[in-house]
Each structure stands twice: as structure tokens, then as C-alpha cells.
Amino acid sequence: MQAVKRNILLNPGPATTSDSVKLSQVVPDIGPREPEFGDLMAYISVELTRLVGDPDHYTTVLFGGSGTAAVESMISSVLAEQDVVVVINNGAYGKRICEIAEAYGLHYLEFKSPSDDAIDLAALEGFIQASGRAISHLAVVHHETTTGLLNDIKAIGELCSRYRIDMIVDAMSSFAAVPIQMKEMNVRYLAASSNKNLQGMAGVSFVVAEKNKLESLKYKMPRNYYLNLYAQYKYFSEHRQMRFTPPVQTLYALKQAIEELKQEGVQERYERYVNSWTTLIHGITRLGLTYLVPDQYHGKIVTSILEPVCAAFRFQEMHDYFYSEGITIYPGKLDRLNTFRIATMGDIAYQDIETFLERLEHYLQSIGFVKREEETGDVGDKR
Ligand SMILES: *Cc1c(COP(=O)(O)O)cnc(C)c1O
């Protein structure tokens, strides 16, 4: 088969995929209710579970949909009528969880935390105590893709365990790179998707949870339909089929992507991402740009870079220039600061970041941006 043009996606997902993942979608047509396809989905479910828990006790519930579908499924499926969820908001994805809770009319309490600093655990504990209500759940984003801030879910999980709170984690952009152990970290429900660190195609999202926990949802009054976690879990465990039409070809690609992840290793994949990030940080610092989150709280997968201070700078023009060169970048997602984001996830390596940096230097020169020497300190020393 002919090679597919290779673009470098530096947006935080969907990420660059290998040719083998792309081509694995070209398969004979198949009805997704055939046992053969059920085997494929069962394999995917077990292998995804294995990354974060013991498949004897945990399982992965697959949905056709983008990552938000899995987050919405958890939030709208696991709370009983009188339950209260604390939602940690330190970026656009934490805010999205609040919006989902709002849309379903759930009892939620928003805990706001700075987008470029660690969560203050004492303040969070005080918030839980002062709420005057029995908190049943807490929802947090593991890796805030807005800024690249990595939230300490292990410490938050310990707090939740002391207060008998079920922790719900959006691990969309950390899953399959940053190590997660659900049991040790007290993660009750976790959501992720096919197209970020898994390096598959967009269109499959999933929830991982303990089978016992999923069984217990049976007694909750459903407030959703397509996204009902218990119904999706139960149907698959009884029929080895999704309830509704799955994205067939995307699942073939996901199987291939999982095999490639197993070949590479999760730890090795993360090291490759961190290598690319190191290249990125040295490069932008040399060019006179700065970035937002201090290294010790940063996931080293997505970096929020401050826009160059230069009258001729226009993000859209920079985006268009890069796009014409086969490189995709995304704007920032912060209200108070002008930033753009560079992700080092996907089937890319530090050499691709070097290519990006060459083009960036060219672009900055073309708009007459000059590095201000006094503003560039050591890498990582920006507080
Ligand atoms: C990507 C992402 C999502 C889901 O986004 P979709 O566009 O629905 O795939 C949710 N949470 C986080 C933290 C993400 O990075």
C-alpha cells in the first residue's frame, strides 16, 4: 500500500499515529455483532485494563465517542440522587466536569485551584470538612491538558480514602504514558480515550473501574441513556457487543496501537515523550520564550508557552505557517494569559521537535522578534 503523508501533530491529541496504525483500519467489512469482533473488543478491554489494574477485578467499558463521552458517562452514571461530588477545577478540563455536573443537575461543589501550581491538599481537606455535607465523590483531572499540570492523584486518593470518598479521574492525556495504578491510588473510576498517548485513532473512549463497583451501579436510577455506564458494562459482559454501533475501524486501529504500546513499553513511551519535552524546553528557552508550569508539577507531555511579546505576532498566522509545513499547533486555553500549546505525545520523537524549533526560529525572525537577554534564566527556573 502507498505511504500516507506524515504530519507532525503537536496539538494535545488526536496525536500523530504510525503508518501501521493507520493501515490497520483497512479491513474486510464486518458486522460488529459477530463473535470475531466481540473477541477484538474483549482483547482491547483486557489490555487497556492491564495498564492500570488487575483484569480479574477491574474492567474497561468501551464507548463510541470522543474522550468527553467517557467523562460524561462516569459523572452522569455513578452518583445517586442525594450524592455530592467535589470537582477540582484547575484548568479547562476540570471546568468541563463542572459543566457536565451542571447539565445533569447534580449536587456538585467546585474546588478551584491555580492552573500553574500544585493543589493545596490541606485547603482541599478543609473544603471537604467545611462543606457541611457528606461528600460521596471527588472528580479530578490527572493531567490538566490546559497547562500540562500533573495533579497528584495518589495524595488526593489517600485523602479520599480517609473520608470514604470515591475518586473519579479523567486520565485522558496521562493514560498510557504516566504510570497509574488504580488500586494503590484509590482511583474508583478512570476515563481515557484512544487518540492521545495510546496513539490510536479518535473515536473510542472508555471507563475503567472495579467490576464490583460497576455491579453496584445496578441500583442507581439512570439519568442518561447512551452513556449509561452500568448498561454498557452489563451488555458487553453478557453479549460481547457494544449496545450500539461501535466505530469498527477505529477499534481495529486501537488493537494495533495497543500492540505497538506493548512493544514499546509504557515507561519507554513516557521517556520518549519526556526526551521530546526536554528538547522543546531547551529550544524555546534558547529562542527567548518562556513556559508556564514549574517543572516539578509538570507532566512533560503538554507545555503551555507564553506568546512572544512582539507587535507583529499573530497566533493564527503562526499556526497557518506551521500548518503549511505539515506541523499542527494549538492555541492556549487560559483566560488570563496569552499562551499556545505544544504537546510531545504521539508517534513523534525529539527529531520532530527539532524540526519544529527550526521552523519556530524562522517564524520568529520573520516577525522581527528579538530575544530579551535579561528575561531568560536557567531552564525551569521561572518562579
Ligand atoms: C482530550 C481531553 C478530554 C476529551 O476531549 P475530547 O475532545 O472529548 O476527546 C478530556 N479531558 C482531558 C484532560 C483531555 O486532555
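Just so it is clear, glycine is given a Cβ too, placed from its N, Cα and C backbone atoms.
TrEMBL annotations: computationally assigned, not manually curated.
The domain 'Aminotransferase class V' feature in TrEMBL is assigned to 47-292.
DSSP gives LYS196 (N6-(pyridoxal phosphate)lysine) a coil state; it is part of no helix or strand. Counting every protein chain shown, 28 other Cβ atoms lie within 10 Å of the Cβ of LYS196 (N6-(pyridoxal phosphate)lysine). The N6-(pyridoxal phosphate)lysine annotation in TrEMBL covers LYS196.
Here TrEMBL flags ARG341 as substrate binding site. The Cβ of ARG341 (substrate binding site) has 23 neighbouring Cβ atoms from other residues within 10 Å, across all protein chains displayed.
Mapped onto three states, the DSSP output places ARG341 (substrate binding site) in strand.
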